[in-house]
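Pulled from TrEMBL:
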TRANSMEM  A:6-31  transmembrane segment
TRANSMEM  A:38-56  transmembrane segment
TRANSMEM  A:62-81  transmembrane segment
TRANSMEM  A:150-168  transmembrane segment
TRANSMEM  A:200-218  transmembrane segment
TRANSMEM  A:247-267  transmembrane segment
TRANSMEM  A:273-290  transmembrane segment
């Protein structure tokens, strides 16, 4: 095992970060706020999913989780963010931090402290025949494996990317979202129902968070900190890609995922515990070269 | 003329004020809410009711409650009842600092029965400033090997460490794990651990004992806890040749990691840190975990049966884990220290924890026996459930280690390594 195996791990990790980061970055681009409570939307989705999985097959449970997180997202937006929409980004940011804390504790009180687990049957597919190329103590290539969970995560991500692309390029709502992202005032003057678009974004972001929560839950477990532990990586991916750009968020997520996997695998032993910090170093490095992020400028020109 | 209604209001207000004042005065006289000279004696319990280690708390909570019930039923120390105040720290050092302050300043606790190594180690200086004894059933940390206790001079508080533990150190039980690994001919192992104090301390203790007895560490990988995947870390670890690997992580992370390990068919013999001897781990990881084992603090106290009987009679649902008997011991020895001191103050407890545990004196198994002996003018030597609770000068105990191995889908106790065997790993005067 070596480079190929860790690239597989990085792609899987990048996939679920990407699904979440798209929702996160769309809220930033269209509602114009950094929503630190977004991690809790993942947790809500994960918990709804694990409860639903006790009643329905997993794909149906995942759909229930997406609907649940979508409903939670729009309800929370109406209750906490819409009323202060005109106060500027800082009050919105602080409100989202506070809301995140409240949600985390409400989840803890209602769902309990114990972790929950999806009942999944893992199948491992092993691939052999890639010749080893040892460099020092590290085998660069070699055999590798993927599991059924890996395939589900990547397949879901590809499906989300395809649907998102179709939505943004082929539907009135998607085109209106892009228009609002570019210039909200101009979009309003051109007759776009901006409030409806905002609502759509909240729901879409919630749905994506719900899916991401279920996918993370399938790989690990569902606990109060399921989403919170991912929020920094989601934030890093969104900023790296160019805040507000869904396509950039996808690219940023895969970079973060690969950096996390490869840094853990290949950095000196004393640095293996700080792979998240390495991901942020990469983020800072990219922003020094391109302050708007990978796709920030391109989106503005689209 | 003043209306009746106003008169009524005035009267009620007057009654409220005088009643409240009277109640407060009475409470002050009888000592409610403090150690003082009457009323209940408050003991604090900083607890892991939430957070990554919360799965260990129920057994400790139950054992403490049963012990206090027994103590109070026996008349209580100084013929007063113990009032236990339990507050959640979530094993977060910042929360722990707040909770300790609240328990000492607001609740007037004369001793604390808790705190994990993740809380004690970073707060050690702070705890010294509080000058309130911490008698904990939790921390295996080797950080405390030479820092706690009374240094063998009970009357002299100036050299005291104020931390006592009724559970064996990582130095002792990781030595048990190392000893068994070597006995099983695992001459080279890998180690993977989390980056928190407790997880790291276990790994450090294991590595020290293992290497000093001839073993070789092929690779040690430290990981950030809370990750959604540990596959890269495992891939790195298993890029080396070894026959067994040691895992030190909180339960939820360990389930994720060991599931990743099972999915990747990495093989090799898992050696688990002591908190991981949990059925949840087996249930979630499944058959690949068969054969994995953990070395946990044992039940080598001379009076384990007395504890177990009391615990079962109380009908507690929480499963007894490695920290349950030490929680019983911590409560008992603290109450006996108050009884011997003749007063319920933090200083008095600190000065008497050593004398009631080290002997010489009448060996006692329960508070009731100890109280009677002390009232007869005898010295006592508390003999505990987890160990014999003979505190060293640094406030530590030495006890046996039990090996729990996963067999047919559940942990089964397969071996006990005696305290005598393990003493060779504990340098004289350094524990």
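Every residue gets a Cβ built from N, Cα and C, even glycine.
Ranked by number of Cβ pairs under 8 Å to the transmembrane segment (A:247-267), the listed stretches A:6-31, A:62-81, A:150-168, A:200-218 are led by A:6-31. By the Cβ criterion (distance under 8 Å, sequence gap of 6 or more), the transmembrane segment (A:200-218) is not counted as touching the transmembrane segment (A:273-290), fewer than 3 such pairs being found. Proximity of distant same-chain residues to the transmembrane segment (A:6-31), defined by a Cβ-Cβ separation under 8 Å and at least 6 residues beyond the stretch ends, is recorded for 38, 41-42, 77, 81, 85, 144-146, 150, 153-154, 156-157, 160-161, 164, 177, 180-181, 197-198, 201-202, 204-209, 211-212, 215-216, 219, 230, 233-235, 237-238, 241, 243-246, 248-250, 252-262, 264-266, 299. Remote same-chain residues near the transmembrane segment (A:150-168) are listed as 8, 11-12, 15-16, 18-19, 22, 174-175, 177-178, 208, 211, 215, 218-219, 246, 250 (criterion: CB distance under 8 Å, separation of at least six residues from the stretch ends).
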